[in-house]
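Okay, so here's the structure we're looking at.
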């Protein structure tokens, strides 16, 4: 392929016309087509090991990153950009050995890679045995030396298993019908003792990213025994993950990973029959009787610890995960069914994250009691823009648990400087709460598409908020984009049910090939049809060429007036400023100026089995203690139970009916069944 594109050049610090030509493993470029005909090449971009990326907020830009350098290109429109991206992506896949259509029949080459893999495998076994031997001497006088040796050995183990994964991937590409071995190395310590955060031992969840429904290669030979925590499984040929459901009622999950090595838990080698039976048990939906090693934990204290740690450099620490991801996805692909590993999970459900939109209940209350419609609109926008920082304040690019169908979360907040009314609610999100408390409830109402609905109210002030969000994620090459499709409606009962309708920005996980970080992007609106006031706000993503991230700009208008009554600028995770039409600029919001109000929840073990904190408690505890394999196992129990329930509903021709929310129109709006304006406050 060849054709014109604009290329950003640092020499003139601007866009320059270039003629590009794809040739072998490189993208050549010239100053013009005529120069190409004369062979006067301006430069080239190597495609081996390169990555293509697009920007979710710009339809014509794309990048090629290779050897730590990023090249910026621009097509005339989205069609031309997508055409180049597809061609380049195929060329890169072929160059890197990802192209499954390119198969060689060379038996010698296949045998070479098989031999290399077996040698690396044996080396890995020996390393693991040596680490186990070193573990026995941890209490010796040379503890520091032993600890240093263990840390170095584990780093070497990590490198070797990454090499094995790469060898296996190449072997599979060369001979798709070959059966290779997949390695699972589990943490030496899967006892009840929690792993301290400062532990130097390396967990290896990063290779557990392939689908559990892989085909088993046929062989008359018995599998080799499990040695030193290394379990041999049939390697999955890279393919896109498929749903387990067979109807429109599909279940979506965070990851599809292999289970924990039962031999490591029992710390003794069992016969093959016993191992098989144990595997069947763990693959069932029954988790009762399984020891997660957290019987001593205080789950309420664990959930109150909201501190998250960075994932680190993904390419360095989880290279095999990265390779597997690249082998499954293409730029622009919907990630709803693509498997993601456990180590990227944040220790809470998405439903609980939505509750943090109300972590400053005093600003929610401040939308009420203002005589002027203009002041009410400004107060509503202030509350709205302040809500995002509490939900994403860590800035760590981890994702909350994907809620399962029928999962719910509820909590309440005590509003600062608002005394209890002495009156209790008889209905709503949390019956029995004081009417001066803000109560919240959320429910996962659909899995196809994945839709969460949530509702909050403060009865004594006549304020309520109802919302639904459908999260649609896509792969952007160097980023992952999440579109939050839906709307929220804030209702002020004391003003003839005045309603303010919100839309939501998209979220982006940037730099996923190195050290990920989070930003928001896109245009949103806040509209009040009764008063004619509306706001246009844009969350600005970090520009390709310098500039600050997390910026925001917006304006509030009155219908029929051309000029904005208020303009807003700043950073959504820091300070925002506002300037009236006739006045001086002032600080509109400082999101870090005061702490969030702590949410109150029912104790974990007193919650219903489908309430978020109790449902995910084993996963949350394991993630806090950095016991990734245990977290994966617990998550699999939840997933398997959901698949079993979905299958039973299909067989019985039953339809899932949400308990707390209902939908009444074709637009897909979900409404809380017992919302404030549908009942009388006692």
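Cβ coordinates come from backbone N, Cα and C, glycine included.
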| coiled coil according to TrEMBL, located in which of 52-82, 83-113, 114-144, 145-175 | 114-144
| note | Here TrEMBL annotates region 'Disordered', and of 236-263, 264-291, 292-319 the range meant is 264-291
| query | Which range, 185-230, 323-368, does TrEMBL list as region 'Disordered'? | reply | 185-230
| Summary of DSSP states over the domain 'PH' (1-93), given as helix, strand and coil counts | 21 helix, 47 strand, 25 coil
| note | Mean pLDDT across the coiled coil (114-144) comes out at 73
